[in-house]
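These come from TrEMBL:
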DOMAIN    66-203  domain 'Peptidase S54 rhomboid'
TRANSMEM  21-45  transmembrane segment
TRANSMEM  51-68  transmembrane segment
TRANSMEM  174-202  transmembrane segment
Amino acid sequence: MITIIILCRKFRNLFFKIRSFRDAVPVITSGVMTIVLMSSVLFGIQTYFNLSPGVFSVGAAVFLNGHIHRLFMHPFSHRTLAQLLPSIAALLFLSGSLERGVGSVRFLIRFLLLSTSSGLVYSFLDLLQDDSSRAPTEGLVPVALACVAVTTMHTKMTKGFLCGVSFPTMALPWVFLIITTALIPNCVLPCNIIAVLVGWMCGKGWFSYLDMSETRAGVLEKMMPFRLLRNISGVKFVPASTEERRKTLLPRINPTPGSYPVQAYAPLSSINNADPGAVMYEGWSNSPSAPSNPVAPHGHGATHGFGLTHGHSCSHVHHAGCLNMSYLTNHNTFSPSKP
């Protein structure tokens, strides 16, 4: 018997661990999945054709060689598989909240805006350094950090929790910057710092004239190729409209009658058989034709509150002396009842 109890507790603990892990896994959305697919395809092309590492990296070569296309390609470029997989994980955990807040189409537009701005600023700063100090960079980590900075600027939360430790919300991008730079290979710290600052400026509204409005995004998501995002199986497409976004992320729950433990419902068949004229009120029958209690003399009911104070009760089946005593007691009259 003790062994069975121990096994039941172990299965229960395992169930709660699986449930907690399932809740911690982020919801895969269409915008994030599109970026992951593009990064994987570009990595496969680089590996298959044996392209030189850093062929799409941003740095001084953007201005020296006129490689403007690197500003748009560098977030999807990764040198090794050990850099690609952690970058994808960082994008899934850090950028999903921004897409759920603005929609899939606006998230992709903002992703390009943040990546090109961060790459342009870093390329200019890298141009000012010596040849030996230049370090080209690429990958999804800078843009993911910029998305975190944008999200923290729009949230109303003052505290954030990471691994059970409380941090101020504004400090979370810098905490993630330290973690990602230390764990993910080929990460350049100056580029990550610039990305967080660019995300902070975007959250402040400095790039509002370059951002897309909700109305235009709603029209654009019905056109090709953005219309294909709705057809990706296994992922969730987030509409640009606020009302549709709430319906998608917060579906309405219609509970069945009687699903709450505080509600009680009497069977309808027994009510109809007992009294055809009964009316249901909050699950209980209320019959207007039910006989009322007998009325005692002087307009008072046969049963009074005498039992609440003295521990006795009087019913209409008792003799008249009991009725008179109950009546006199309720009216604070201490004269004996007449026979």
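Here the Cβ of each residue, glycine as well, is placed from N, Cα and C on the backbone.
When the domain 'Peptidase S54 rhomboid' (66-203) is classified with DSSP, helix, strand and coil residues number 97 helix, 9 strand, 32 coil. Taken together, the residues of the domain 'Peptidase S54 rhomboid' (66-203) have an average pLDDT of 89.
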